[in-house]
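Following: one structure in structure tokens, then a few remarks.
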Amino acid sequence: MAAAISAAVSLPSSKSSSLLTKISSVSPQRIFLKKSTVCYRRVVSVKAQVTTDTTEAPPVKVVKESKKQEEGIVVNKFKPKNPYTGRCLLNTKITGDDAPGETWHIVFTTEGEVPYREGQSIGVIPEGIDKNGKPHKLRLYSIASSAIGDFGDSKTVSLCVKRLVYTNDGGEIVKGVCSNFLCDLKPGDEAKITGPVGKEMLMPKDPNATIIMLGTGTGIAPFRSFLWKMFFEEHEDYKFNGLAWLFLGVPTSSSLLYKEEFEKMKEKNPDNFRLDFAVSREQTNEKGEKMYIQTRMAEYAEELWELLKKDNTFVYMCGLKGMEKGIDDIMVSLAAKDGIDWLEYKKQLKRSEQWNVEVY
């Protein structure tokens, strides 16, 4: 249960260097043996019937206790045939004007009817019909707010959405249906919402865990929800005392999402929060190679490998699928030094819920 919280959130927009929003709130698994009978001098043998009960008792089902915060989680409360209608409260561009693409932070009302958790997703059904005259299909988006929302009253849900616009092979400009629908919303506009869904990216229960977050672009969404709960909120039943380490990869510095928020968290929690950016078009490593997220991680390779050997280290990866191979390449050589097959070890981490991936 969340107690009173207070946090200043800076969301840069194209019209001003930052939008400062003051947020304060009050919260929200028989064997019958052979028998002889003596009668005078004649012995009468009575052969006993031997029966054996071969029915086996059903095996006891062992329920594996999850290391994640799954208690009371709700999934698929709202389905495509009966979605929840949310209303847009806020829609702010959070990338600079010179960024390669627009990303928007969108806040919807839920009136407490969509009980999501950090790490879950919701679906959005855009208005209109497709070329076949049928309603558009839903698109899933990772939730970018903590369970009590940006306003701390458990009545909103936030998304981080990049506007999809590209030129196809025929030279035509193509716009993503749902992303453009969302990025064009004005306060007061409605949107059909489904879900919540997902358990893969739920936070670990252990408040002393090491949580390594690897995100590219809008893959930052679930990690913003994690970090708000850890560092911007106060809860009676949860206080994070571990280490949160965020690696965020983007093409340009004007594409860094929620930068001011994260820097404020780091300033106030220097012992519990580490923050590393990888800006591929502006930064290089000592070899002159572009600074992708795996390039930045390579600078801390030995330290990361030591953390991955611990039972209370959890890795979460969200964003572009391409970063997976680069991260594997780093870990293969490190694990080999200890005589460990990295790909097999990663499977063990997945089974123990310590390696969690949501890429696209």
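Placement of Cβ uses the backbone N, Cα and C atoms for every residue, glycine included.
Keep in mind it's a predicted model, so treat the numbers as computed, not measured.
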Ask   = In Swiss-Prot, Arg139, Leu140, Tyr141, Ser142, Cys160, Val161, Lys162, Tyr166, Val177, Cys178, Ser179 are given as binding FAD, so which of Thr210, Thr216, Thr218 is in that site too?
value = Thr218
Message = Of the residues Lys290, Lys309, Lys310, only one is listed by Swiss-Prot in the NADP(+) site with Ser142, Lys162, Thr218, Val250, Pro251, Ser280, Arg281, Gly319, Leu320, Glu358. Which is it?
response = Lys290
Query = How long is the line from the C-alpha of Thr210 (phosphothreonine) to the C-alpha of Thr218 (NADP(+) binding site), rounded to the nearest angstrom?
reply = 22
Inquiry  = So the record assigns Ser142, Lys162, Thr218, Val250, Pro251, Ser280, Arg281, Lys290, Gly319, Leu320, Glu358 to NADP(+). If I measure every Cα pair among those residues, what is the longest distance in angstrom, as a whole number?
reply    = 28
Message = I want to verify one value. Collapsing DSSP to three states, which class is Gly319 (NADP(+) binding site)?
response = strand
Inquiry  = Distance check, please: Cα of Thr218 (NADP(+) binding site) against Cα of Ser179 (phosphoserine), rounded to an integer number of angstrom.
reply    = 12
Ask   = According to DSSP, does Ser179 (phosphoserine) fall in a helix, a strand, or coil?
value = helix
